[in-house]
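Visitor: Following this message is one structure expressed as structure tokens.
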Amino acid sequence: MRKIAEQIVKKRVLILVLATVLLVPSLVGYIGTRINYDILSYLPEQLDSIQGQEILDQQFHAASMSMITVENMEKKQVDRIEEKIRGIDGVRDVMGLGDFLQTMPPEMVPQDLRGMLDNGVCQLLLVTFEEGNGSDRTLKAVDEIKAMMNSQMFLGGLAAVINDTKMLIEQELPLYVAVAVGLSLVVLFLGLRYSVAPLIFLLGILYAVLYNFGTNIFLGEVSYITSALAAILQLAVSMDFSIFLLERYDEELHKGLKSEEAMTEAVVNTFTAISASSLTTIAGFLAMCIMDLKLGTDMGVVMAKGVVLGVFSAVVILPALILVFDKPIHKHKHKVLIPKLRGVAKLTTTHYKAILIIAVVLLIPFGLAQKKTDVYYNLLDSLPQDLTSTAGTQKLRDEFDMPTTHFILVSDQLSSPQMDKVLEVIRTTEGINSVMTLDKFLGAGIPEAFLPESIRSIFSAGGWKMIMANSSYTSATHAQNAQISELENRVKAIDPTALITGEGALNRDLVLIADHDIQMVNIVSILAVFAIIAISFKSLSVPIVLVAAIEMAITINMGIPYFQGETIPFIASIVIGTIQLGATIDYAILMMTRYQEERRVGKVRRDAVEHAVYTCSSSILTSGLSFFSATVGVAMVSKIDLIRSLCGMLARGALISMAVILLVLPALLMVFGPIVEKTSFQFLNKKGEEH
């Protein structure tokens with residue numbers, strides 16, 4: 001590593017030129033990476049709901065649908081609107097009651113269908129699209145539909161929800177970055193004595209962020225959640241590395257080394273010091289890749305890649321930047337306003353027993369509360385109530401009592417008695433208020449061939465019959481999830497090949513998979529971090545102490561929403577623990593490393609703990625407050641509850657982790673220090689003594 005460090009220092013100008021040139025393909029890659037706004041598209045392909053979506057798409061051409069409620073409008077005007085919508089690229093068809101009346105005798109139109117499409121005041125238009133709900137073509141078509149709407153029209157459905165999400169993210173993303181960068185600069189200015197250093201840090205991290213976003217093109221696309229959070233988290237996590245490099249550089253300068261020699265030593269020491277902490281962060285993020293929900297792989301890979309590039313920037317690009325701007329950095333100084341906490345250091349060694357008792361007392365209620373926190377899965381719940389999709393969905397609920405529609409696919413080989421039994425099962429399921437199927441159009445003795453092809457193709461295709469069942473329950477609620485499970489069991493008892501799909505079924509599967517993923521990701525991330533710390537410290541007890549401290553912080557953080565009466569997005573339960581563990585374990589490793597160093601030079605345990613807290617406190621506060629400021633800023637400005645909740649919990653988690661590392665971890669070392677030292681290989685290196 002020393003030879004590499006020498007070359008980095010020697011060829012710093014060339015490195016900066018090459019690094020800047022690489023920004024061009026990175027920008028091209030960033031622009032060329034598609035953003036996916038449809039969370040449900042990340043569900044595993046083997047699910048019945050996903051297979052059902054595929055059949056709806058390939059056979060019925062109805063995988064994506066929006067519904068327009070038209071209020072107090074004359075038939076001619078409705079017909080003109082239908083024709084305009086049909087002419088939009090990406091729209092497959094538009095169906096209203098009038099379309100059925102034109103293709104068959106009025107007396108043959110089922111009463112259920114009439115009530116479903118016209119309640120006397122409002123009419124319902126069903127718009128089907130050529131491609132999936134989240135495709136660029138569909139979202140553009142929704143834009144055009146929204147552009148032609150007036151105050152008498154209300155657009156609902158999943159495609160409209162995804163379109164509104166896309167619109168909000170595109171509006172807010174630049175604001176997220178601006179707020180995160182601005183607030184991080186303020187914290188860095190308060191925590192560093194060099195006035196120019198914060199700008200240099202952010203410039204160095206900017207290279208890493210752009211490289212990360214540019215290389216996402218090899219993934220094809222990333223989720224909007226990843227796109228919104230990746231830069232902010234990369235900024236927050238990578239800040240530790242930058243602070244450490246500058247501090248080591250200053251230490252070497254104070255020893256009398258020239259700037260190039262000092263930076264060489266700083267690069268070597270920084271790489272060695274951040275290897276373990278960066279690996280734990282990477283492992284924590286990669287743990288998300290085991291999720292059945294593919295969103296985990298999307299987020300995990302991008303976040304882990306961001307940490308790798310952050311390390312690269314800290315030991316290659318940032319050293320070059322610091323040397324190039326060395327004079328202005330060291331010329332402009334100010335008083336550090338984030339102090340080293342001498343009083344806290346004394347407190348942790350004097351009252352460590354009380355601190356641990358308080359920690360345990362707090363842990364019990366928050367641990368219980370964590371399991372009782374309410375969670376939502378419906379994307380619509382994260383959007384402001386004044387958007388097109390939320391108003392349209394509410395109108396559907398108010399006028400037609402159909403917030404969601406289930407699409408039930410059964411074999412077309414079922415006999416008439418079997419089909420009648422299926423329909424009876426669906427009708428008698430609680431919460432189903434109307435059922436529509438091809439059989440509704442057929443009276444006694446009327447053959448299916450008598451119906452127009454335009455009607456038959458809606459309900460029968462490719463060996464399947466499609467039944468539309470309107471539910472009075474809202475998607476992703478306990479009531480609807482239970483309803484879908486009941487339907488599934490009862491219908492499959494008649495036709496084992498039957499499939500249930502639609503927004504409700506997809507969200508039900510999202511609930512089941514997310515609950516499983518939460519447990520698996522937490523276990524794997526803890527085991528991965530545990531293994532890396534164990535190898536780094538050659539100890540089994542050190543990872544137990546460090547992970548226990550961070551897990552305590554995570555438990556408190558995840559339990560707070562229950563006491564606030566807050567409902568959190570489902571992804572928070574998976575993401576927060578992993579990110580908080582990966583991002584703040586660095587503080588714990590820094591504290592433990594410093595404690596080990598102090599013990600190795602002969603300090604008694606109390607003095608070693610006190611000095612470790614004192615010397616690490618400023619770095620932990622600066623880094624932690626930078627993380628806090630970046631995420632709390634986004635939480636304050638975002639209108640999307642999912643983003644606001646995630647960032648708010650991450651911000652709170654940063655504060656809690658800082659408090660735990662500065663108070664609880666030292667108290668743990670005071671109690672379990674002897675065990676740690678005896679169960680770790682050469683922890684004291686035969687230089688420390690217990691007095």
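Here the Cβ of each residue, glycine as well, is placed from N, Cα and C on the backbone.
As annotated by TrEMBL, domain 'Membrane transport protein MMPL' applies to 44-325, 475-675. Under the heading transmembrane segment, TrEMBL lists 173-192, 199-219, 225-246, 266-287, 307-325, 350-369, 518-537, 544-564, 570-590, 611-635, 655-676.
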Visitor: Where else in the chain does the transmembrane segment (518-537) make close Cβ contacts, counting only residues six or more beyond its ends and a cut-off under 8 Å?
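Guide: That would be 275-276, 279-280, 283-284, 286-288, 290-291, 296, 543-544, 546-547, 551, 573-574, 577-578, 581-582, 585, 589, 592, 596, 680, 683.
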Visitor: Quick test of the contact rule: Cβ under 8 Å, at least six residues beyond the ends. What residues does that give for the transmembrane segment (225-246)?
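Guide: That would be 35, 39, 169, 172-173, 176-177, 180-181, 184, 188, 191-192, 194, 197, 201-202, 204-205, 208-209, 212-213, 266-267, 270, 273-274, 277-278, 281, 295, 298-299, 302-303, 306-307, 309-311, 313-315, 318-319, 322, 571, 579, 582-583, 586, 619, 622-623, 626-627, 630-631, 634, 642-643, 646-647, 650, 654.
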Visitor: Are there residues at least 6 beyond the ends of the transmembrane segment (350-369) whose Cβ is under 8 Å from a Cβ of it, and what are they?
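Guide: Residues 552, 555-556, 558-560, 562-563, 660, 663-664, 666-668, 670-671.
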Visitor: Which sequence-distant residues neighbour the transmembrane segment (570-590)? Criterion: at least 6 residues beyond either end, Cβ under 8 Å.
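Guide: Cβ under 8 Å, 6 or more out: 225, 233, 236-237, 240, 276-277, 280-285, 287-288, 291, 295-296, 299, 303, 307, 373, 375-377, 510-511, 514, 517-518, 521-522, 525-526, 529, 533, 536, 546-547, 549-551, 553-554, 557-558, 616, 619-620, 623-624, 627, 642, 645-646, 649-650, 653-654, 657-658, 661, 665.
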